[in-house]
Amino acid sequence: MEKHAEPEKSLGDKEFQEKELHEKPAPAASEDISGDSSVNKEDGPDPINDNYLSGLRLAVVMFALCISNFLVALDTTILATAVPKISSDFNSLQDVGWYTSSYLLTNCAFQLFYGKLYTRFKVKIVFTVAMIIFEIGSLLCGVAPNSPVFIFGRAIAGLGSAGAFSGALIIVIHSVQAEKRAQYSGMIVGMYGLASVAAPLIGGAFTDHVTWRWCFYINLPCGGVAIAGLLFFFHSPPQAAVKETAAGLWAKIAKFDPFGTFFFLCSMICLLLALQMGGSTYPFTDARIIVLLVLFGLLLVAFIVVQFFDKNATIPPRVMKNRSVAFGMIYMFCVGAQFLVLVTFMPIWFQGVRAMSATDSGIRSLPILLSNTFCVVLAGALVSMTGYYIPFMWASVVLTSIGAGLLTTLTVDASTGKWVGYQIIAGIGGGLGYQQGISVAQTVLKGSDMTIGTAVMVFVQLLGGTILVSAANNILVTRLVENLERLAPHINPEIILRAGASGIKTAVSEADYPFVIEAYNIALTKTFQIALIVSCLGAIGAAGVEWKRGSKKGDSDEPAIMAV
């Protein structure tokens with residue numbers, strides 16, 4: 001390597017050494033240590049450009065990103081109030097589970113593939129295509145004449161939504177300085193909490209007063225406005241482009257890690273199918289479920305092996321070997337799991353134990369949703385101001401553990417102060433830590449690795465919620481049956497299961513009702529124990545992340561290592 005002349009300096013010249021430390025360029029994190037020349041060496045240490053957005057351009061781009069992710073998040077939860085009418089129109093009660101799982105399956109399975117696309121193509125192009133796919137899926141759902149077409153539309157919408165969240169966070173990286181990224185990322189993450197609040201109200205209004213199809217039609221004009229705003233006001237920076245040196249069709253295809261992508265997609269499909277059918281359609285001891293779980297394990301191992309030997313790996317080994325990334329993934333898995341478990345089963349507690357309607361249960365779940373949304377945005381602003389994210393990770397672990405633990409103590413006659421206060425504690429904790437794994441990835445990784453790291457964090461957060469909600473649901477059903485056999489042995493559990501949470505009061509006699517809701521309450525508090533356990537396990541992730549300070553206002557983009 002050619003040596004450059006260094007200016008003369010004395011060993012005691014502390015001022016010069018500090019200046020040199022700050023000015024010395026860091027090696028490109030995206031550079032392949034195996035010598036792969038296909039990676040663009042112009043990626044640099046950080047996707048920094050001289051054209052960060054401000055004023056009207058930044059406002060329009062952020063509005064477009066927030067609207068896009070609000071729609072994607074809304075699509076995940078809006079079905080709760082519309083499913084009864086949809087299943088009635090299609091005469092397809094047996095397909096209800098697939099209305100959500102088909103969306104989650106493609107959303108989860110294609111997260112890492114989008115991460116690869118964002119490193120190979122201009123971010124604006126990939127994000128726009130993802131949103132167009134989401135819009136097409138929404139249109140198919142809106143015009144669906146039967147249940148199979150509706151399920152297909154949900155799968156297409158999930159395929160598009162997979163690239164929306166991580167893509168929005170990557171666009172933020174290219175739009176604002178490093179010290180502002182946590183603040184603006186918090187605005188995008190906050191859209192998921194806002195959508196959780198709005199979904200039951202919007203879904204209920206459309207279903208009751210217009211038609212459930214407008215739950216999906218609404219995505220078309222709003223999504224179109226968001227796409228237009230991004231197309232006209234955001235320009236992908238040069239760093240997003242990759243120099244193409246491959247010759248031949250297969251060489252070009254190989255850039256996208258086809259074998260790794262195949263193994264990963266198939267493993268996720270096997271896992272999600274097992275979770276969807278296990279405990280409901282078939283018992284977990286059924287040979288079909290066991291085969292799916294075994295295939296998931298084998299395919300996942302194959303994916304990991306490919307990542308270590310393929311120079312075009314979807315997740316480069318250097319990313320996975322990074323201590324902060326590895327423990328950050330554990331943390332994000334736990335954060336995603338505890339939050340989704342609580343926001344899924346709190347409305348069921350209100351419907352099943354307190355005999356409230358779907359809309360009323362959604363309103364009474366606002367304490368956890370609003371406190372979570374507020375604290376996501378607040379934490380983003382505070383991380384931008386201070387540069388520190390680990391204190392918020394620990395605050396999240398402590399508060400979510402306390403909140404989930406208190407929720408496990410709920411009784412049938414719990415006072416309003418208890419269920420409101422417990423939700424607020426859990427919501428504050430979840431909000432403070434919800435995006436911190438993303439902050440970790442954007443601090444310890446640089447260049448195209450930052451893009452991959454962001455996609456990985458989003459993926460494990462979604463995967464945690466998907467797996468643990470399924471596990472919690474199976475625990476709910478199992479414990480409910482056990483409790484009914486103990487408290488009301490003369491009642492057929494199948495009657496209660498078919499009635500659902502909102503139909504218990506009409507399914508049993510007035511004399512049996514107190515015993516049934518007691519059984520329901522005990523079973524539901526067991527699901528809150530799942531949230532408590534994963535909240536506590538989040539401490540493992542927080543403890544393993546290196547104590548680094550990201551950029552704060554007034555800093556350069558280079559993070560300062562405070563302690564290891």
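Backbone N, Cα and C atoms are what each Cβ position is placed from, and that goes for glycine too.
Annotated features, as they stand in Swiss-Prot:
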{"type": "COMPBIAS", "residues": "1-25", "note": "compositional bias 'Basic and acidic residues'"}
{"type": "CARBOHYD", "residues": "Asn312", "note": "N-linked glycosylation site"}
{"type": "CARBOHYD", "residues": "Asn322", "note": "N-linked glycosylation site"}
{"type": "REGION", "residues": "1-46", "note": "region 'Disordered'"}
{"type": "TRANSMEM", "residues": "58-78", "note": "transmembrane segment"}
{"type": "TRANSMEM", "residues": "96-118", "note": "transmembrane segment"}
{"type": "TRANSMEM", "residues": "125-145", "note": "transmembrane segment"}
{"type": "TRANSMEM", "residues": "156-176", "note": "transmembrane segment"}
{"type": "TRANSMEM", "residues": "186-206", "note": "transmembrane segment"}
{"type": "TRANSMEM", "residues": "214-234", "note": "transmembrane segment"}
{"type": "TRANSMEM", "residues": "259-279", "note": "transmembrane segment"}
{"type": "TRANSMEM", "residues": "289-309", "note": "transmembrane segment"}
{"type": "TRANSMEM", "residues": "330-350", "note": "transmembrane segment"}
{"type": "TRANSMEM", "residues": "361-383", "note": "transmembrane segment"}
{"type": "TRANSMEM", "residues": "395-415", "note": "transmembrane segment"}
{"type": "TRANSMEM", "residues": "452-472", "note": "transmembrane segment"}
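Listed in sequence order, the residues of the same chain lying 6 or more apart from Asn322 (N-linked glycosylation site) and placing their CB within less than 8 Å of its CB are Val444, Leu445.
Same-chain residues lying 6+ beyond the ends of the transmembrane segment (156-176) with a Cβ under 8 Å from its Cβ atoms: 47, 49, 52-53, 58, 61-62, 65, 68-69, 72, 75-76, 102-111, 113-115, 117-118, 123-124, 126-127, 129-138, 140-141, 184-185, 188, 230, 234, 236-237, 239-240, 438, 442, 450-451, 454-455, 458-459. Take the transmembrane segment (186-206) and the stretches 58-78, 125-145, 259-279: counting Cβ pairs under 8 Å, 58-78 has the most. If you count C-beta pairs under 8 angstroms between the transmembrane segment (452-472) and each of 58-78, 125-145, 214-234, 259-279, 289-309, the highest count goes to 259-279.
Residues of the same chain lying 6 or more positions beyond the ends of the transmembrane segment (96-118) and with a Cβ under 8 Å from any Cβ of it are 75-76, 79, 83, 86-87, 126, 130, 150-152, 154-159, 161-163, 166-167, 170, 240, 256-257, 261, 264-265, 268-269, 272-273, 276, 280, 314-315, 451-452, 454-456, 458-459, 462-463, 466. In this chain, the transmembrane segment (259-279) lies out of contact with the transmembrane segment (330-350); the count of Cβ pairs under 8 Å, excluding pairs fewer than 6 apart in sequence, is fewer than 3. Beyond its flanks by at least six residues, the transmembrane segment (259-279) meets 97-98, 101, 104-105, 108-110, 112-113, 116, 286, 288-289, 292-293, 295-296, 299-300, 302-303, 306-307, 310, 313-314, 466-467, 470-471, 473-474, 477-478 of its own chain at Cβ-Cβ distances under 8 Å. A simple way to gauge crowding: the CB of Asn312 (N-linked glycosylation site) has 22 other CB atoms within 10 angstroms, across all the protein chains here.
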